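What follows is a short report on a single structure.
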């Protein structure tokens, strides 16, 4: 029975014949009018049922909380347990407004808070996200113990205040208090949010000194901290040293592999987790889907999805969003759409994930339609929403629509950030409006970044505008001199216009400044094994079969009208040498390998670490027709779906 219920029961008295309050749902109670503070409360008490169970203690009223109104009117006599019940309910429900009302009412009461109650108030505000309120209560407490300090440190660690959490640590030590395992676990969580791992290592050393490093709470936080910094080797060592492992420690290890883009490590840990009979949670599956999405591993993602279905785990919005994202980033936009339609509740993240998928796959028209559906469904778009739809418009050539949504941002109170401007420059540049793109950069209210100038440089490369491209490249070099991408774009721009001396000068400067171009490579996944190829690759055990397969395919596409375009080989050599160079591009070798080693009707999925070659793009369209196969290529910019002689991009890329 709650404190409020007990006091109410005592006022009613046993003579009324009312059953015990623990079994009572509600009762009608009409106290004398003299006991009611004002007419409105008298009317409420006279005409309403007094809800006395815990679930009704936080019922709102016109003034605030109904139970507090009843206390003010004298209908309920409170004691400290009444406030304790209210604090407990606010903590569990994380209702900050109600927490503030309860605390303010308590301060006006005749009760003096003891240390235990003060700790409960600090913890309540921390759990509700009211860190300023928690700090004010903390500072006002005449006496603080280890629980007080731990509650505030944990609150900052869990509410995006890692610096404040760490700053409390030396003050706690100066107060002569020794941290416990929960304090150390929260400090490690805070340290994991810092970009460097030095602080985390220091706290790890302190945990060893205190002898709490073997605690499952501290151990899970330790491996999570190391995993967040990408130090999976040490995270694994911490994990192996734990005397007992629970779901939290397994999830932290799997999430660490996922963040580092190591799906093999995540999958192996996932299998080990199953072998020790620990059930995977929503967080486990979410980490697994994120790991598969990072490298576009569709087959592995499908396997994890099948395991999810078999486990009977409910597809929540949070989990559904990561599953949707996995399918979209792994090349199966149709499966992503199916997951989206199955979601019982779609939040802004769900819509944004779907819009991002449409953008990645060049479905500009569909992205526009989905944004309109999103608005009609009452979901307010945010800055990510607009970035996704602007990207989709840019990649589909929807100039008018892109400009419309860029202006629409203002109506929603969203100030365009540098990413939105970069996308608009890309949109205008792809459409050939280079002067307008440059004008937009000059009119930006914020300083343009290398990405903004890089978008203009890419457009100049597409439309062979050497002078403006050179200017954009110079601005990019000033802002990010070590990125090889802009240097190669300028090289390609010069090469496409036959300015080979300028190409040589750019390459010379790259060498002088230590800027290295990432070697182009393509990879394909077959039977859970990833096969990587580079240009002119002859290292694969099936190299002879791969070579013969491509020769056969090349003959078929020539019969369909394929003519090699040597302009895409940006090297100073004769025409014949260029044509030979084209035939040995990494994506063609990967395609030939996939044709040899996959079922005849299965779609082929190829990934490439740079933009797909223009001549390979033309060839792949005809290959899809010649062999009657769908070919999906993911490069650094987008997905290309080749089928029946066409590409999903409509050759606008």
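All positions are counted from 1 along the displayed chain.
Each residue, glycine too, has its Cβ placed from N, Cα and C.
As the structure is a computational prediction, the values presented were derived from the model and not from experiment.
If you look up TrEMBL, you'll see 561-653 marked as domain 'DYW'.
Here TrEMBL flags 79-113 (among others) as repeat 'PPR'.
Feature annotation from TrEMBL assigns repeat 'PPR' to 145-179 (among others). For the repeat 'PPR' (145-179), the model's average pLDDT works out to 96.
TrEMBL lists 246-280 (among others) with the feature repeat 'PPR'. Beyond its flanks by at least six residues, the repeat 'PPR' (246-280) meets 216, 219-221, 223-224, 226-228, 230, 232, 235-236, 239, 287-288, 290-292, 294-295, 297, 300, 304, 307-308, 311, 313 of its own chain at Cβ-Cβ distances under 8 Å.
Nonlocal intrachain contacts for the repeat 'PPR' (281-315), taken as residues 6+ away from its ends with a CB within less than 8 angstroms of a stretch CB, comprise 247, 250-251, 254-255, 257-259, 261-263, 266-267, 270, 273, 322-323, 325-327, 329-332, 339, 342-343, 525, 528, 605, 607, 634. Marked as repeat 'PPR' by TrEMBL: 281-315 (among others).
Nonlocal intrachain contacts for the repeat 'PPR' (316-346), taken as residues 6+ away from its ends with a CB within less than 8 angstroms of a stretch CB, comprise 282, 285-286, 289-290, 292-294, 296-298, 301, 305, 308, 353-354, 356-358, 360-361, 363, 377, 379, 605, 632, 634, 639. Taken from TrEMBL, the feature repeat 'PPR' applies to 316-346 (among others).
Residues annotated as repeat 'PPR' in TrEMBL: 347-381 (among others).
Residues annotated as repeat 'PPR' in TrEMBL: 382-416 (among others). Within its own chain, the repeat 'PPR' (382-416) has Cβ neighbours under 8 Å at 348, 351-352, 355-356, 358-359, 362-365, 367-368, 371, 374, 423-424, 426-428, 430-431, 433, 637-638, 649-650, 652-653, counting only residues six or more beyond its boundaries.
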